[in-house]
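Enquirer: Relevant sequence annotations retrieved from Swiss-Prot are reproduced here:
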type: REGION; residues: 31-66; note: region 'Disordered'
type: DISULFID; residues: CYS197-CYS435; note: disulfide bond
type: REGION; residues: 206-317; note: region 'Catalytic subdomain A'
type: BINDING; residues: ASP247, ARG277, TRP412, ARG443; note: substrate binding site
type: BINDING; residues: ASP301, HIS303, HIS440; note: Mn(2+) binding site
type: REGION; residues: 381-443; note: region 'Catalytic subdomain B'
type: DISULFID; residues: CYS426-CYS507; note: disulfide bond
type: DOMAIN; residues: 532-652; note: domain 'Ricin B-type lectin'
type: DISULFID; residues: CYS545-CYS562; note: disulfide bond
type: DISULFID; residues: CYS585-CYS600; note: disulfide bond
type: DISULFID; residues: CYS625-CYS640; note: disulfide bond
Amino acid sequence: MRLKIGFILRSLLVVGSFLGLVVLWSSLTPRPDDPSPLSRMREDRDVNDPMPNRGGNGLAPGEDRFKPVVPWPHVEGVEVDLESIRRKNKAKNEQEHHAGGDSQKDIMQRQYLTFKPQTFTYRDPVLRPGILGNFEPKEPEPPGVVGGPGEKAKPLVLGPEFKQAIQASIKEFGFNMVASDMISLDRSVNDLRQEECKYWHYDENLLTSSVVIVFHNEGWSTLMRTVHSVIKRTPRKYLAEIVLIDDFSNKEHLKEKLDEYIKLWNGLVKVFRNERREGLIQARSIGAQKAKLGQVLIYLDAHCEVAVNWYAPLVAPISKDRTICTVPLIDVINGNTYEIIPQGGGDEDGYARGAWDWSMLWKRVPLTPQEKRLRKTKTEPYRSPAMAGGLFAIEREFFFELGLYDPGLQIWGGENFEISYKIWQCGGKLLFVPCSRVGHIYRLEGWQGNPPPIYVGSSPTLKNYVRVVEVWWDEYKDYFYASRPESQALPYGDISELKKFREDHNCKSFKWFMEEIAYDITSHYPLPPKNVDWGEIRGFETAYCIDSMGKTNGGFVELGPCHRMGGNQLFRINEANQLMQYDQCLTKGADGSKVMITHCNLNEFKEWQYFKNLHRFTHIPSGKCLDRSEVLHQVFISNCDSSKTTQKWEMNNIHSV
């Protein structure tokens, strides 16, 4: 009997507990009239946060948590019309508004629902003049070799006996590897920062980072000096790993020797090898997938040297706001002597914003008064419309939420603009950081280059540009095609997922971007006028064309065999009467006769008129005609004579393929 009573009591207890849980669950279930769906979504995202405790070791779990918004690798499909989608959604939003739908605030907040909210608490940096910053070295940096060559970034000039070896190394690697190999991998460098940078104090609760370096057939000492400089000048608690992506190199020193060498760092440095040549762009996306330990991804080119206290200023803005992407100030390492100097241009402090002309060539323009007014001190980070692309830092998850790089971009070129536009137009910020400086070696003339693999096809960079403008420039893309008319018929693949990304994230228009962020671009590079005609300028019924021969800024154009490949033989004449090639104009030389090519803006060298039916170019200021000597291969102007066959020309369109 006692057994039955105990069994009954236990049964009643279980049933009662179950009913109590049901009542509690019902009380917590959201009702249809719940006023804060945004809050619930954010709470759910926090619960699923793969790095909920950022104040700890900051190690991210497996890569299955990170899925690109844009499918990767590249898939082909069909282009969609973003404007038609916008019009349809606009009509839908208006219907919701009239029907008592969401408030304008709710609609604006939707832009950020696909990005994880900021959960990391970080205090703003504090400037304390005269008090050395908490991340500044307390003692002068030790040299790699006392009194050694290249220490303190002083130039190393070799004698004439090294000339042949130097030329061979430049041809193979793009740098003077003879000098580089003589310089310590741990050499000391000069400090090019403003004095004020030394007195910034940063919250020590910084995010950790994975440094990603992509290389293809890089010289040994320039690559390893990049790695050594990062390890030497980065506080160890923040450096989660250095990830090297070997993009299908075939140099022997980048195989077993590299594998053995990096064992010195007990797993801190890792190398992953691509099974085929992917190109710099997609290799960086691969690097993001392989780098799993750091909260921030820092991309460096394979021939850099980070400077003193580079890390804290670069990562601090990201620690405060995860949608900020930062770029260090890039100094120039001379590829011959390895001296480090500030990059030219910019304002009186050497500060510049990243920009472009309408043919999509990278430019630097001085910091504007408006941007200066946004800062309290001259060493604070400042806004830039674009980055050069080789060196930057971005929160890892945010980069994945942005979809990494467009998977349709190939090898190199245009990716710096694509990621810049994507960040700005979709709710992020791009900041240049004056107190974080990194030296970079630029390839020297005479380098043989790294040709793209056969599977890529021709004109990969131009195709990249077309993809970028088709996705991000909206109606401004017409200005690109005015500057690069040969690209109008260029196939650029499927961009439907990229446009869907823009729509899903309520990314702003390029017009907004040009007015609010890149407002100074048109003052330096005015919108180009329409073209009257474009193509090769061929001597009428001949096989000879005008060729710039790669000359710029004052060189004379010549006559050469027509090759139908564009490039140095591609010109355009616009409604402003300018005869142009990229950002260069044709004009008469100092002798008043020979025709030269020189840099111009839209207010210069409005000198030419093309009479298509007459096959004639007239030089307006002189009233003379464009002429040629097929014997001397010269191009000049002379008195107009309708009987002279050498004054007859035709422009034939050339389309890139």
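Note: Cβ is positioned from N, Cα and C throughout, glycine not excepted.
Each of these features: where is it, how hidden is it, and who are its neighbours?
Expert: Counted within 10 Å of its Cβ, the other Cβ atoms near CYS197 (disulfide bond) come to 23, all protein chains included.
Across the region 'Catalytic subdomain A' (206-317), the prediction's mean pLDDT works out to 98.
Under the three-state DSSP scheme, TRP412 (substrate binding site) falls in the coil class. Counting Cβ atoms from all protein chains shown, TRP412 (substrate binding site) has 16 others lying within 10 Å of its own Cβ.
Within the same chain, residues at least six positions away from ASP301 (Mn(2+) binding site) with a Cβ under 8 Å of its Cβ are ILE213, VAL214, THR226, GLY390, LEU391, HIS440.
Neighbour count (other Cβ atoms within 10 Å of the Cβ, all protein chains): 23 for CYS426 (disulfide bond).
Under 8 Å, Cβ to Cβ, and six or more positions away along its own chain, CYS562 (disulfide bond) finds GLU536, ARG538, ALA543, TYR544, CYS545, GLN569.
Residue environment of CYS600 (disulfide bond) contains 16 other Cβ atoms, counted within 10 Å of its Cβ in all protein chains. DSSP gives CYS600 (disulfide bond) a coil state; it is part of no helix or strand.
When other Cβ atoms within 10 Å of the Cβ of CYS625 (disulfide bond) are tallied across all protein chains shown, the result is 23.
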Enquirer: Of these disulfide-bonded residues, CYS545, CYS640, which scores lowest on Cβ atoms within 10 Å?
Expert: CYS640
Enquirer: Please name the residue among the binding-site residues HIS303, HIS440, ARG443 whose C-beta has the most neighbouring C-beta atoms within 10 angstroms.
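Expert: In terms of Cβ crowding, the pick is HIS303.
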Enquirer: In sequence order, which same-chain residues at least six apart have a C-beta under 8 angstroms from ASP247 (substrate binding site)?
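Expert: VAL214, PHE215, HIS216, ASN274, ARG277, GLU278, GLY279, LEU280, ALA283 - these are the non-local Cβ neighbours of ASP247 (substrate binding site), listed in sequence order.
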Enquirer: How big is the Cα-to-Cα gap, in Å, between CYS426 (disulfide bond) and CYS640 (disulfide bond)?
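Expert: Approximately 56 Å lies between the Cα of CYS426 (disulfide bond) and that of CYS640 (disulfide bond).
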Enquirer: Using DSSP, how many residues of the domain 'Ricin B-type lectin' (532-652) fall into helix, strand and coil, respectively?
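Expert: Computed counts for the domain 'Ricin B-type lectin' (532-652) are 6 helix, 59 strand, 56 coil.
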Enquirer: Within 8 Å of the Cβ centre of ASP301, HIS303, HIS440, which other residues of the chain have their Cβ, at the recorded Mn(2+) site?
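Expert: Neighbours found: THR222, THR226, LEU300, ALA302, CYS304, ILE333, GLY390, LEU391, GLY439, ILE441, TYR442.
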Enquirer: Report the DSSP secondary-structure composition of the region 'Catalytic subdomain A' (206-317) as helix, strand and coil residue counts.
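Expert: Residue counts in helix, strand and coil order: 45 helix, 28 strand, 39 coil.
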Enquirer: Does DSSP put CYS435 (disulfide bond) in a helix, in a strand, or in coil?
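Expert: The residue in question, CYS435 (disulfide bond), is strand (DSSP, three-state).
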